[in-house]
């Protein structure tokens, strides 16, 4: 799509683009290409000289058991958060979509956690589940459960999954509700006349028609879990205990910060960039399909 | 409603109420904790009803800060968060609206190249390029400055795409009419494009303010001085894991203060918020 009528000007458009392009080049392209370049270089221990080593940093990375552990952690974490937050949000949206009294109030009361910072969400849940003084943790302990996310890796994982899910429900709810409201009521009424009960109507008509929204949210949620949950992990567990909650993004951060392994850290960044680009590409292909649909 | 239900809408109401309570409970508990004294919380004796120390705790949090860790008062942190959030939101709107104006309303060599250069940045979140970006900001001498906090987050394709999409819907006749009136690029922008874009600008502002206020990783790296910390970073430093020294009542007061501005923005400007959220994701 192009404008038929345009403004004439030779220098002006470049001046208008200058701020955005300058910031983009300095803070996006330059660092990204640095990461790419460093991932092929090996620096000595003092950072004085470096040599080109090709794909050695990547090879070294793929020989690290910790790297695959972080891949596994990321996979479990993102699957758990995505499945949990999507199902809870869909349930709530399906309920709010019925013509019940107070639906707008419920909507307001369900969407505000979007505005809570991930790190703050983590802190709230940490407080509830803090083994010695948390209200919920005390309840769990009185039930005879030896709850301790500070020592037990599985408990720590559950805690970050819960915090991340809690924060993401509002976003998914909003998009599911919009998706549900876009489904023509006549289709549902027709099925009702044919004698289909509400549950059957939901799974045979509503859910398939909702699939573009679901698919879109699937991708957005994976991106969310990959990148935006950094604050939750850092505030709640710091990647621990014993790296049980160290995701790929957290590993880039902690490897680059603690060890001076710039090449290895850069290689990890490059792999993450490839993952984001792949996810974005999937998302855009889907968006194109939706437009035709 | 398609059919009559025996119990009316009891089940949806129940499910929604449970959902709302689960969503609200952690925040309610944080508020309750922020009104008790340290001993009550540390003993695990806190009941889920507000206590008598509201004013004292909030006064200490905002103006004094925690005692165990000689941190800055939270008032300073909130000011930093506010400056960063406003800087990011307004900066993004400004640079993306003029770049979209250039891409849509002018014809010039490398127009689409410029558009694609901006577009690709959608795929490079700050998390994947943290250390190289950090090094550049350090080399520019911007550590512990507001410019260092905001500038790397100001550029993003979202705003440009949103404004481009909106400008495409402005009828060509408006530009024709404005040309006949003898208006140039600046007057057309000021008198026609800008007034039409107000809602889009407001929606983008709401989303970007929340985005800026909630930043975590970038301020964590770029601030070394306590008086440059943002509130979201500050709270993490108040919580000493495995340590009885954590002043939970102050940490929870900080959490409440950190949530307040963005949540108020969402609740008061819900319509703009929803519009912004849906449109920036297109």
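From the backbone N, Cα and C atoms, a Cβ is placed for every residue, glycine too.
In TrEMBL, annotation is done automatically, which means it is predicted and not curated.
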Out of B:146-167, B:212-233, which range is noted as transmembrane segment by TrEMBL? B:146-167
The residue range that TrEMBL labels transmembrane segment, out of B:44-67, B:188-211, is B:188-211
Looking only at residues six or more beyond either end of the transmembrane segment (B:188-211), which have a C-beta under 8 A from one in the stretch? 85-86, 88-90, 92-93, 97, 101, 105, 158-159, 162-163, 166-167, 170, 174-175, 178-179, 262, 265-266, 269, 272-273, 275-277, 279-280
Which residues of the same chain, at least 6 past either end of the transmembrane segment (B:12-31), have a Cβ under 8 Å from a Cβ in it? 48, 50, 252, 255-256, 259
